[in-house]
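Engineer: Here's a structure for you.
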Amino acid sequence: MFFSLLLMLGLTEAEKIKICLQKQVNSSFSLHNGFGGNLYATEEKRMFELVKPKAGASVLNQSTWIGFGDSRTDKSNSAFPRSADVSAKTADKFRSLSGGSLMLSMFGPPGKVDYLYQGCGKHKVFYEGVNWSPHAAINCYRKNWTDIKLNFQKNIYELASQSHCMSLVNALDKTIPLQATAGVAKNCNNSFLKNPALYTQEVNPSVEKCGKENLAFFTLPTQFGTYECKLHLVASCYFIYDSKEVYNKRGCDNYFQVIYDSSGKVVGGLDNRVSPYTGNSGDTPTMQCDMLQLKPGRYSVRSSPRFLLMPERSYCFDMKEKGPVTAVQSIWGKGRESDHAVDQACLSTPGCMLIQKQKPYIGEADDHHGDQEMRELLSGLDYEARCISQSGWVNETSPFTEEYLLPPKFGRCPLAAKEESIPKIPDGLLIPTSGTDTTVTKPKSRIFGIDDLIIGLLFVAIVEAGIGGYLLGSRKVSGGGVTKESAEKGFEKIGNDIQILRSSTNIAIEKLNDRISHDEQAIRDLTLEIENARSEALLGELGIIRALLVGNISIGLQESLWELASEITNRAGDLAVEVSPGCWVIDNNICDQSCQNFIFKFNETAPVPTIPPLDTKIDLQSDPFYWGSSLGLAITAAISLAALVISGIAICRTK
């Protein structure tokens, strides 16, 4: 800390002069009012700057997230890293296989990659899905699977957001009726899906032309390997016939395929005995698959004769922990047809954050692998953020952002505020001024400027760590003014209040994220109102903090002035008499200029003939006059005598 003092001298008798500490403030200073004390400062700055979110994905904790991907996150791909949209570090966090997707592993169409997706993490990032798209041309009793994919991805994101672990269960225990055998279909490239499996029944047209009703059973486990299963995602598949005649060419009954739970309750399927046919004119059935969320247990499947579609796989979730879900848009480059099922599924799932490109996919390794824009959007996965949201991620500590961050959002997210509404605090050169504080009745040292200020402003200081250092609890040990400890004690409660405020804000927003309502806009409007109220409350608290901060530093600096005045009085001994706070009378005949330099300029090299017992060089480190308040002048190795400067001396003699 540096000091700049202006000493003003006035003559009281022919041989005596009066020296006082004098204010040194001009129009370049601004006044800052505080609780218990005010400050003049040469500079000011906002307590916090507005932060801008970075577009793309990030995570709150590197140790608690997991990714599920394909070739664009597959480190084992022969073209890695040119084929990847993530760094090698991030690729290690993904469960990936080139050519794979969650839906391919669920249904297992012939000739496609079948990968066992499983893993645990509070935050799950999904960058997959493109391998089951129109370009894949999967044709098995339907050509367009986009609506099924949309429903599948939506259920995956929903269950993943409520679970710590998830796993594909690729082999369910089952019991198949004796008359049914595993079959293939011409409409499925003379093969069939692994899930559901197709079982057919040979029928003797002359004796039993309609066949027997199929009754089968499957069991959803409570555990698959090391993975606990509290809920399963099951595909309930069945055929849709346009008319009874299309199905019943032999004059038999209506088509049905129904799943029952252990109590006999229908949980999925289609029953044309009670539901009408489509009425269309097609002569080939279409396969439909609904997504069911089922608890572990034994389920039965009943179907009309000849065909049985049997669930063989599921995705299992432990439902132990809620957490963020990030879905990354998964599309092809030029020349390949994509769908937008991932985008639509995420946007319709509470708690899911969607990462979307603004430009077409342009790969580096080939047209479909290694897009620079996607690499930038996913580069945040290498870091930890304080806040993740649909608007992007933030790792700065400021509690405010210019624009409202769109939900869902997680972590310590900044609130929207206008720049001009953020309180300003003093910075640069600081000078305490007078103030009254009835709560300070017995300060541990006499404080100039509280009720008995001398001639006005006394003291100029440069806060080494910047004034923000006091608020954030970080400053150097050296320097004057308030200490880190006193600032922390003074603001501890308010600091805790702010954290509680932030936490309660995030909890409220996360609860709203979890709500499902037919009026989504009403929920968003309510969320915005809550955040605006929180922002105003936080700005109000910061105003209080600013006033306390100014007062705290002002008082601390004034205590430092008392230390300075005490040192001057002690150095002067009987040569100077303190006639009022900050003013001394000296006999000019007894204490000459070198003597005055020693007393008031702290001149360590000047001879002091009038005080022979003292050394001519002073080491303030060992000077007993500086033993005292830790809030006083912190004279340390970093602050030497050379840092003390008398900026001006005026001597006036009176008759």
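The backbone N, Cα and C atoms fix where each Cβ goes, glycine too.
Swiss-Prot feature annotations, pasted as is:
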type	residues	note
ACT_SITE	S71	active site, nucleophile
ACT_SITE	D366	active site, charge relay system
ACT_SITE	H369	active site, charge relay system
DISULFID	C210-C252	disulfide bond
DISULFID	C229-C316	disulfide bond
DISULFID	C237-C289	disulfide bond
CARBOHYD	N26	N-linked glycosylation site
CARBOHYD	N61	N-linked glycosylation site
CARBOHYD	N144	N-linked glycosylation site
CARBOHYD	N189	N-linked glycosylation site
CARBOHYD	N395	N-linked glycosylation site
CARBOHYD	N552	N-linked glycosylation site
CARBOHYD	N603	N-linked glycosylation site
REGION	15-40	region 'Fusion domain-1'
REGION	41-158	region 'Esterase domain-1'
REGION	158-310	region 'N-acetyl-9-O-acetylneuraminic acid binding'
REGION	310-364	region 'Esterase domain-2'
REGION	365-650	region 'Fusion domain-2'
TOPO_DOM	652-655	topological domain 'Cytoplasmic'
TRANSMEM	631-651	transmembrane segment
Engineer: Expressed to the nearest Å, what is the distance separating N189 (N-linked glycosylation site) and N144 (N-linked glycosylation site) at their Cα atoms?
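Structural biologist: Spelling it out, the Cα of N189 (N-linked glycosylation site) and the Cα of N144 (N-linked glycosylation site) are 16 Å apart.
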Engineer: Using the alpha carbons only, what distance in Å do you get between D366 (active site, charge relay system) and C229 (disulfide bond) once rounded?
Structural biologist: 40
Engineer: Count the Cβ atoms, other than its own, that fall within 10 Å of the Cβ of N61 (N-linked glycosylation site), considering every protein chain shown.
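Structural biologist: Taking all protein chains shown, N61 (N-linked glycosylation site) has 12 Cβ neighbours within 10 Å.
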Engineer: CB neighbours of N144 (N-linked glycosylation site) within 10 A?
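Structural biologist: There are 12 such Cβ atoms around N144 (N-linked glycosylation site).
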Engineer: Sort the residues of the region 'Esterase domain-2' (310-364) into helix, strand and coil with DSSP and give the three counts.
Structural biologist: 7 helix, 15 strand, 33 coil
Engineer: Could you state the CA-to-CA distance between N395 (N-linked glycosylation site) and N61 (N-linked glycosylation site) to the nearest Å?
Structural biologist: 12
Engineer: Of the disulfide-bonded residues C210, C289, C316, which sits closest to N144 (N-linked glycosylation site) by Cα distance?
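Structural biologist: Nearest by Cα distance to N144 (N-linked glycosylation site): C289.
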Engineer: Which residue, out of the disulfide-bonded residues C237, C252, shows the minimum number of other Cβ atoms inside 10 Å of its Cβ in this structure?
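Structural biologist: The disulfide-bonded residues C237, C252 were compared, and C252 has the fewest Cβ atoms within 10 Å.
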Engineer: Compared by Cα position, which of the recorded positions N61, H369, N552 is the closest one to C210 (disulfide bond)?
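Structural biologist: Its closest listed neighbour, by Cα, is H369.
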Engineer: Compare the C-alpha of C289 (disulfide bond) with the C-alpha of each of the recorded positions S71, C252, C316, H369, N552, and give the closest one.
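Structural biologist: So, of the listed recorded positions, the one sitting closest to C289 (disulfide bond) is C316.
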Engineer: Highest CB neighbour count within 10 A among the recorded positions S71, N189?
Structural biologist: S71
Engineer: DSSP secondary structure for H369 (active site, charge relay system), reduced to helix/strand/coil, please.
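Structural biologist: The three-state answer is strand.
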Engineer: In the region 'Esterase domain-1' (41-158), how many residues does DSSP call helix, how many strand, and how many coil?
Structural biologist: 32 helix, 25 strand, 61 coil
Engineer: Check the region 'N-acetyl-9-O-acetylneuraminic acid binding' (158-310) for me and report the mean pLDDT.
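Structural biologist: Residues in the region 'N-acetyl-9-O-acetylneuraminic acid binding' (158-310) carry a mean pLDDT of 90 in this prediction.
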Engineer: Across all protein chains in the structure, which of the glycosylation sites N395, N552 has the highest Cβ count within 10 Å?
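Structural biologist: Comparing the glycosylation sites N395, N552, the most crowded Cβ belongs to N552.
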Engineer: Of the recorded positions C237, C252, C316, N552, which one has its Cα closest to the Cα of S71 (active site, nucleophile)?
Structural biologist: C316
